Amino acid sequence: MATCGRGCVPAVRFCQRLNRLKTLDDDLMVTSMKRCLTMVDLALLGVGGMVGSGLYVLTGTVAKDTAGPAVVLSFLIAGIASLMAALCYAEFGARVPRTGSAYMFTYVSCGEIWAFLIGWNVVLEYMIGGAAVARAWSGYLDSMFNHTIQNYTENHIMKWNVPYIAHYPDLLAAGILVVATIFITFGVRVSSWLNHIFSAISLVVILFILVFGFVLADPVNWSQKEGGFAPFGVNGVMAGTATCFYAFVGFDVIAASSEEAKNPQRAIPMATAISLGMAATAYILVSTVLTLMVPWHSLDPNSALSDAFFRRGYSWAGYIVAVGSICAMNTVLLSNLFSLPRIVYAMAEDGLFFSFFAKVNPVTKVPVNAILVFGLLMAVMALIFDLEALVQFLSIGTLLAYTFVAASVIVLRFQPEKEKTSSKANFTMSPNSNPEPSPEVSESQIIAQDSGELKEYESFSDKLQLVEMQKTRERSAPGVLKARWEPYLGRLLGDFEPGEVVAFSVLAVMVSSVSLCAVFVFGSNQLQLPTWSFALLIVVFGSTFLLCLVIIYAHEPHVNTKTFQVPLVPFIPGASILMNVFLMLKLSPMTWIRFTVWVAAGLLVYFGYGIWHSKEGLRELQPKDMAARYVVLPSGSLVETVQSVQPNGQRDASTLHTTSSPSAEEQQAKR
């Protein structure tokens, strides 16, 4: 047994290296970047990231093919589902105002390798998203000129016939990405003002669509004569919700910008709520206007809004809508180019990615290397890949990031507070120790450390009082079972360490949600389960999911009034996990195959570079802080030993001793 234990030590240490957590600085507001973004700046960044091509393309596609006029309900439900994920991002962005978004949040709560994989996949999502928007931007502009650009490129430059590759190189899409990349390198204020301009134009066009569209609205288009309000039924509404959910992807740009916010504790939650509310309102009202202007079954999925005005005889309004759509796509493009380099910078700053990307320009205060390299890679993708091939691989990494962020909120909410003091007290009864005589000292021992600073250590009696106080506080400490639940769960869960039950319960929530969603998605068709088996599995996995949430709720949480906290934890993050897992399982098998290949490539990068250059790993190799050790001798005197704790358990040879003088009673006995 002992041999097996010794043989398992390397494996245990390796797992500990993979799951080490990021150590945050004492002052999270200190940064090499420039904190200049206000709440308005962040809110417009969020609106720009969400209200883009989806407003002008997705509304018509879902209305015609999936939900009909009930697309309004699809956007409403999708907005509520997105709000659950957005609240989790808002709490982390206010609590940990560091760039990196989901990567940083996972690193703080779950572990290093999970954080790297989340960051690795979010980087790919931003690259694909930016390239896809650039492709849609060029296609929309080209369609306004009767595809003149495409015809010229195919006839005079180049034409391909390769699977998953575009039929022609989209020079316009690549060019707009290169220009946008150059502007992003000028600094966060330039990027913010560009986003302000395009967002303002887009919002004015949306307001025009709403006012003029309601003037042209005809309630007959929602009547039974045209198929009714929900021609595809409840299934159509829910299928439309799954598609409309991706319209709200982009609010995480606010959390990614938290290191450049002036007052992140207040600005991040407020900007998240405002931007998501504005985006949801825009989607719901525009889809209402669109389906009231023309019959839903006659919509053009590629350019529904502009085509609706053309068909009503207002061609000039169609051109205004086209201008608004191009400006909206520009805001999404800027949002992707703004967020992507900052996640790469955060990974490089932590040593998990190449240090070349961690350099910040001293003038513009932005990671120029990351912006240029990944902006050009995005342009290359837009140049050669087809829009359909790009969109097929979109969203899986984002949904995975949403899932981990929701789980991280639960873990951190119930995690015990870490000790921030640099000293640790260990009490040892030493029957054979022989103290050396020393002069009388005061109740508190003041010892000069190597750094020259003075450190005060309390006396042994004070330490005993602190221990007693700690025992009384443990009942209300985070991660401990609540007092009112002890009669029911105390015998079963009372002996675990604080936060340990919550950690296992979060893992069980993840497993049960995957199992429950898998039965929903694959049970009837692919697995062909009988009705009784299908119902039994739903009850078992659903009950397990709810039971784990109740067990988590039965523990004491952190109560922090200084920063925003998600309400109804763990139920809102749990619902977010369930929704994200369901949407991930609805993706195509080819998307999962590509995702697996990308993850394998990321693991090669991590084990080839990241694990060896991780700053958390290097911090483990450095000497730990000074530790105070109290030894009680048989004579009743107290010896205090101050030692430097080494990572391998070894201690410095140099040791400082202070010995308290014997008591008066002991001196009388000796006489």
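A Cβ is built for glycine as well, from the same backbone N, Cα and C atoms used for every other residue.
For reference, TrEMBL has these:
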type: TRANSMEM; residues: 39-58; note: transmembrane segment
type: TRANSMEM; residues: 70-90; note: transmembrane segment
type: TRANSMEM; residues: 171-190; note: transmembrane segment
type: TRANSMEM; residues: 197-217; note: transmembrane segment
type: TRANSMEM; residues: 237-255; note: transmembrane segment
type: TRANSMEM; residues: 267-296; note: transmembrane segment
type: TRANSMEM; residues: 366-385; note: transmembrane segment
type: TRANSMEM; residues: 391-414; note: transmembrane segment
type: REGION; residues: 422-442; note: region 'Disordered'
type: COMPBIAS; residues: 430-442; note: compositional bias 'Low complexity'
type: TRANSMEM; residues: 501-522; note: transmembrane segment
type: TRANSMEM; residues: 534-554; note: transmembrane segment
type: DOMAIN; residues: 564-614; note: domain 'Cationic amino acid transporter C-terminal'
type: TRANSMEM; residues: 566-585; note: transmembrane segment
type: TRANSMEM; residues: 591-612; note: transmembrane segment
type: REGION; residues: 644-671; note: region 'Disordered'
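Broken down by DSSP into helix, strand and coil, the domain 'Cationic amino acid transporter C-terminal' (564-614) contains 40 helix, 0 strand, 11 coil. Contact between the transmembrane segment (237-255) and the transmembrane segment (391-414) is supported: at least 3 Cβ pairs lie under 8 Å, counting only residues 6 or more apart in sequence. Mean pLDDT of the predicted structure over the domain 'Cationic amino acid transporter C-terminal' (564-614): 90.
In this chain, the transmembrane segment (534-554) lies out of contact with the transmembrane segment (197-217); the count of Cβ pairs under 8 Å, excluding pairs fewer than 6 apart in sequence, is fewer than 3.
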